[in-house]
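Asker: Feature annotation from Swiss-Prot assigns region 'Disordered' to 1-21, 720-746, 792-835. Residues or ranges marked as ATP 1 binding site by Swiss-Prot on the basis of similarity to another entry: PRO257, GLY258, THR259, GLY260, LYS261, THR262, LEU263, ASN358, HIS394. For LYS305, LYS322, LYS346, LYS522, LYS539, LYS594, LYS673, the entry in Swiss-Prot reads ubiquitin cross-link. Per Swiss-Prot, phosphoserine is recorded for SER472, SER519, SER770. Under the heading ATP 2 binding site, Swiss-Prot lists GLY531, THR532, GLY533, LYS534, THR535, LEU536. The feature phosphothreonine is assigned by Swiss-Prot to THR735, with a large-scale study or a structure entry given as support.
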Amino acid sequence: MGEEHKPLLDASGVDPREEDKTATAILRRKKKDNMLLVDDAINDDNSVIAINSNTMDKLELFRGDTVLVKGKKRKDTVLIVLIDDELEDGACRINRVVRNNLRIRLGDLVTIHPCPDIKYATRISVLPIADTIEGITGNLFDVFLKPYFVEAYRPVRKGDHFVVRGGMRQVEFKVVDVEPEEYAVVAQDTIIHWEGEPINREDEENNMNEVGYDDIGGCRKQMAQIREMVELPLRHPQLFKAIGIKPPRGVLMYGPPGTGKTLMARAVANETGAFFFLINGPEVMSKMAGESESNLRKAFEEAEKNAPAIIFIDEIDSIAPKRDKTNGEVERRVVSQLLTLMDGMKARSNVVVIAATNRPNSIDPALRRFGRFDREVDIGIPDATGRLEVLRIHTKNMKLADDVDLEALAAETHGYVGADIASLCSEAAMQQIREKMDLIDLDEDEIDAEVLDSLGVTMDNFRFALGNSNPSALRETVVESVNVTWDDVGGLDEIKEELKETVEYPVLHPDQYTKFGLSPSKGVLFYGPPGTGKTLLAKAVATEVSANFISVKGPELLSMWYGESESNIRDIFDKARAAAPTVVFLDELDSIAKARGGSLGDAGGASDRVVNQLLTEMDGMNAKKNVFVIGATNRPDQIDPAILRPGRLDQLIYVPLPDENARLSILNAQLRKTPLEPGLELTAIAKATQGFSGADLLYIVQRAAKYAIKDSIEAHRQHEAEKEVKVEGEDVEMTDEGAKAEQEPEVDPVPYITKEHFAEAMKTAKRSVSDAELRRYEAYSQQMKASRGQFSNFNFNDAPLGTTATDNANSNNSAPSGAGAAFGSNAEEDDDLYS
């Protein structure tokens, strides 16, 4: 009676907060006593594994026992156990050669199993690796093999390598064959066969470099999903039988190119030991009637014969397009054949079909139902943690300098997929080689060992590579590698601060937004007179956040073809989401986002459709994706009001003409790398240029520099002419004094920009924004402030119950008269839209 019933937190009885843990449960290895951490060996014997006495007692082993040691990628070998009490519990020592045989590194885990019933070998076959016997004469058996096997008890495993030292040399051998079984101990009467063609190391290394789970980074959750659906049915089909369901038949992997879809399928095949049958989509197709379907049937038959098997169809969209959209009869027949083959697979035939594509929506929908491709796994662009994993994988065999910070690189490579990171590492290594090119003699056959030892990829090499690469998802969109910092933007301090809050905070402090349960604002509109630095501000924002920067020039998006303009906008936002965090900068926004309703004369209302598409894209920006839209215009009155509502471009920032201090700041920013005449006061220019925009000031600076360059070139020419006249006029004696005069450094006639140059430049300077235009901008800005400042005096205690927001608005709304018509638009008529 008193029994307390606890309500289930979920239909499955699992606390929903534990969901993430179960999603990757298959990746967690269960820690057992016989799993040992690998340390480096002290004595370099190829046949031993050393563990301490406690571990030996726990595993019920004795010194000298033969054990089976399992590593990665289904590799194992047989070794003899020795005691080393300097080791900690749960650790073991294995030498480098054995580690290579097991495909493991220091710090990895191996499992140990007793192997008491190992037999003696009747015959083993060994062959040397070619590059280790160069220059050796004499009998390999007498010098190397006989002492190695006669002097010690040696268990061997087919396929293993071992290194033998003899005299001053060491030779590497491979066990090619063992009789009667794969594992055996070499005894006194074992026949050792060693004659044959030496093995080429390149061929061996290709076999050793098979892809495994360790070679895949950045998609931990997806890896867990695929292993659940592929590895479990292949290795333990009884699990599904016991629970009474059919195992999955097919998995469809989709995602941008370069994320590792093909690599993942190969890794699963290598680690499970399944037969791997690769079908490259286009290779199946044939012009002969019936041959394409026949090729598919053969692939499935071959896989069923060699079960457990994985059939991997790469680029499946090329052989299974939507049947109602294709004109070719062959494609339709191939799709139908694939459907019947997948339906015809026996329930527990131990064959799994994996397909990969980067265009999942162009595949025939009949393939995407349960029983065919049951599961769809989105292998997306990795986040910073994923990128760090991928960087570690690609740099594990690279020689890195001490200053390389992989975490910083991972943080800076937004939008990079695995293939981009591989390319980045390769480019950084090439840059290191280029830097050492002076020390390398290309004509020599061999490169000096000192030069090879001095190679090491530095952080500067990675920075260089970063500057020369961009994410492959954005290759066709012009992604500008922007190098504009806040220092390049003079003045506008308040606006800079506001921008930092809008764009930097969500990227650098996402935890704060989570804490307050809000999603950050994603849109900003700069408006103001031409030349005030709106575009420059957007570039500086992208650099400071180290986000990708997509610059969209309004008129470029418009196309004469029906629907093409909207499609261009969709593509840009899709790419921005793929490479997030991204700043999408819409320059001259008024050209593509004009107020709707007035575009009847253009291409069937193309402008209206573009605005509609832009609105839906801004609303559809996924909350998890950091995509910021910055618009810039100098005609804010022409922009559709729906774009300016909160949730879209909700922060309207007026970029005014600079005041005197801002003008001085702009001049300093523009001239910070330019030599100026000592004592030249820029304040005089700043004071004189009332009403000038940043672009107007840049014109003055460029004009002054132009005059300085002109004077410098003319002075140089005059100096050269004088020298020639001097040489022709008198025969100069080459005395010591003459030689000294020759060597004297030439004095630069124009070393800096002078006051005269600026005075000359000021004569042609002019304002680009008239007073009348400026008044219109100021009035519009005041109108926007007034419309958004209705409740500036709001106080919780002051608002009595029963008063409506409208009452408060009416009492506070004091927009300046005429402000609504600032740009010639009639605000009174607009307000009466629904009357």
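Along the chain as shown, the residues are counted starting at 1.
From the backbone N, Cα and C atoms, a Cβ is placed for every residue, glycine too.
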Asker: Using a 10 Å radius around each Cβ and counting other Cβ atoms from all shown chains, which of the binding-site residues PRO257, GLY533 yields the largest count?
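Answerer: Of the binding-site residues PRO257, GLY533, the highest Cβ count within 10 Å belongs to GLY533.
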Asker: When you tally the Cβ atoms that lie within 10 Å of each candidate's Cβ, which of the recorded sites (LYS346, LYS539) has the highest tally?
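Answerer: That would be LYS539, with the most Cβ atoms nearby.
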Asker: For THR259, THR535, SER770, listed as recorded positions, tell me which one has the smallest number of other Cβ atoms within 10 Å.
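Answerer: Per-residue Cβ counts within 10 Å for the recorded positions THR259, THR535, SER770 bottom out at SER770.
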Asker: Want to know which recorded positions, from LYS322, SER519, LYS522, LYS534, THR535, LYS594, are within 10 Å of THR259 (ATP 1 binding site) at Cα; which are they?
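Answerer: Qualifying among LYS322, SER519, LYS522, LYS534, THR535, LYS594: none.
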Asker: Which of the three DSSP states, helix, strand or coil, fits HIS394 (ATP 1 binding site)?
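Answerer: Assignment for HIS394 (ATP 1 binding site) reads helix.
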Asker: What is the number of other Cβ atoms found within 10 Å of the Cβ of LYS322 (ubiquitin cross-link)?
Answerer: 17
Asker: Tell me the Cβ contacts of LEU536 (ATP 2 binding site) under 8 Å, same chain only and six or more apart in sequence, or just say none.
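Answerer: Same-chain residues close to LEU536 (ATP 2 binding site) (Cβ under 8 Å, separated by 6 or more) are VAL484, ASP488, VAL489, GLY694.
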Asker: Return the single residue from the recorded positions list (LYS305, LYS534, LYS673) that has the minimum number of other CB atoms within 10 Å.
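Answerer: Among the recorded positions LYS305, LYS534, LYS673, the lowest count of other Cβ atoms within 10 Å belongs to LYS673.
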Asker: Quick one: of the recorded positions PRO257, LEU263, LYS346, GLY533, LYS673, which has its CA closest to the CA of LYS322 (ubiquitin cross-link)?
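Answerer: Going through PRO257, LEU263, LYS346, GLY533, LYS673 one by one, the closest to LYS322 (ubiquitin cross-link) is PRO257.
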Asker: Using the Cβ centroid of GLY531, THR532, GLY533, LYS534, THR535, LEU536 as the reference point for the ATP 2 site, which residues of the same chain not in that list have Cβ within 8 Å?
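Answerer: Neighbours within 8 Å of the Cβ centroid, excluding GLY531, THR532, GLY533, LYS534, THR535, LEU536: PHE526, GLY528, LEU537, ALA632, VAL655, SER693, GLY694, ALA695.
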Asker: What is the nearest of the binding-site residues PRO257, LEU263, GLY531, THR532, LYS534 to LYS594 (ubiquitin cross-link), using the Cα of each?
Answerer: LYS534
Asker: Should any of the binding-site residues PRO257, HIS394, GLY531, THR532, GLY533, LYS534 have a Cα within 10 Å of the Cα of SER472 (phosphoserine), which are they?
Answerer: PRO257
Asker: Please determine which of the recorded positions listed here (SER472, SER519, THR532) has the lowest count of neighbouring CB atoms within 10 Å.
Answerer: SER519
Asker: Max Cα distance spanning PRO257, GLY258, THR259, GLY260, LYS261, THR262, LEU263, ASN358, HIS394 (ATP 1 binders), Å?
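Answerer: Per the listed residues, the maximum Cα distance equals 23 Å.
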Asker: In angstrom units, rounded to an integer, how far apart are the Cα atoms of HIS394 (ATP 1 binding site) and LYS522 (ubiquitin cross-link)?
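Answerer: Pair distance, Cα basis, whole Å: 35 Å.
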Asker: Among the binding-site residues listed here, LYS261, HIS394, whose Cβ has the fewest other Cβ atoms inside 10 Å?
Answerer: HIS394
Asker: Within a 10 Å radius around the Cβ, which one of these binding-site residues has the most neighbouring Cβ atoms: LEU263, GLY531?
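Answerer: Comparing the binding-site residues LEU263, GLY531, the most crowded Cβ belongs to GLY531.
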Asker: For the recorded sites LYS522, LYS594, which Cβ has the most other Cβ atoms within 10 Å, all shown protein chains included?
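Answerer: Counting Cβ neighbours within 10 Å, the top one is LYS522.
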